[in-house]
Amino acid sequence: MNVVDTFPRKKYNFNVPCEVKRTVLNPMAYSMVHLDRLMKSRQDPEVRPGLYQGDIAMTKKQYNYLRVGLRWDVFPSDMWKNRTVPYVISRLYGAPEYKTIHKAIALLNYLTCINFVPWDKRAKDYIIIRPTRDGCWSYVGKIGGPQSVNLQPPDERSVNCLGNEYNTVHELMHTLGIFHEQARADRDNFVDIHYENIMPGHLFDFNKQSLENTTYSYEYDYQSIMHYGSYSFSIDPKRKPTITSKIPGIIVGQRENMTITDCLKVNKLYGCLDNLSEAKKWNDICSTLEI
């Protein structure tokens, strides 16, 4: 078993590694008291203060690209070398959580040409999957050196990030370089954003990204595992939706499965559909998904 203890030793005083200290947007910038107060009425572990779009941490470089309004072309270039992602899992997870994380990794290893492998202690770039209290979040793409993927274990308020393997898949897809589906440049053709229902200070989280970074030439996927739910960032999560489909009756977002498009996007991003024989293999595998 290849694990590491990364949990903070002092109450509310995170001993954060260098890759977290150099971020501009991350939940560790908030005190735990502030986090608890903000999250008491909100059960969604992918909606956290201090993060972009609720579950994306950023380096200063990434934030500067966003802040000045440039396209995020930098992110697809920050892909994992040789389609390989070394990982370390904290030993502070219990057996059920550890099993859930491994199911997510096994799923991505099967459905895509990406190979998540235990860190060999030599690779410079790798992910550390850790169980701190601040929700589910990741960086988008490889930032260089060790980088966090946070998956909060279940608590008394919700199952958080590990109720099933698909919340974990969502965060690992961010790690691979995939953005949220509703951040597509063409999203306004398919969904309505109800700005009046969005929590104060979170309009920013409904920004759109560049066409190249989000569509990968595929049609809009309402059921993508990377899509917000209808009530994300809502001032009233039971009655006031923030996102609705322009087609009546279509529910947006889910964390129960990957869609065919989710599967194809990862494979396309990493060049696995460029070669005809390789493309047939991955198209056939992705087509086994039901949604």
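Placement of Cβ uses the backbone N, Cα and C atoms for every residue, glycine included.
Unlike curated entries, TrEMBL annotations are predicted automatically.
For Glu171, the entry in TrEMBL reads active site. Marked as Zn(2+) binding site by TrEMBL: His170, His174, His180. The feature domain 'Peptidase M12A' is assigned by TrEMBL to 68-273.
Overlay of TrEMBL annotations on the structure.
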{"residue": "His170", "record": "Zn(2+) binding site", "CB count, 10 Å": "24"}
{"residue": "Glu171", "record": "active site", "CB count, 10 Å": "24"}
{"residue": "His174", "record": "Zn(2+) binding site", "CB count, 10 Å": "22"}
{"residue": "His180", "record": "Zn(2+) binding site", "CB count, 10 Å": "28"}
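A Cα-Cα distance of 10 Å separates Glu171 (active site) from His180 (Zn(2+) binding site). DSSP assigns His180 (Zn(2+) binding site) to coil in the three-state reduction, placing it in neither a helix nor a strand. Annotation note: His170 (Zn(2+) binding site) sits in a helical segment as assigned by DSSP. Along the domain 'Peptidase M12A' (68-273), the predicted structure has mean pLDDT 90.
Report note: the Zn(2+) site is defined by His170, His174, His180, and the residues of the same chain whose CB lies within 8 Å of the CB centroid of those residues, excluding them, are Glu46, Gln53, Asp55, Ile56, Ser138, Glu171, Met173, Ile178, Phe179, Ile225, Met226.
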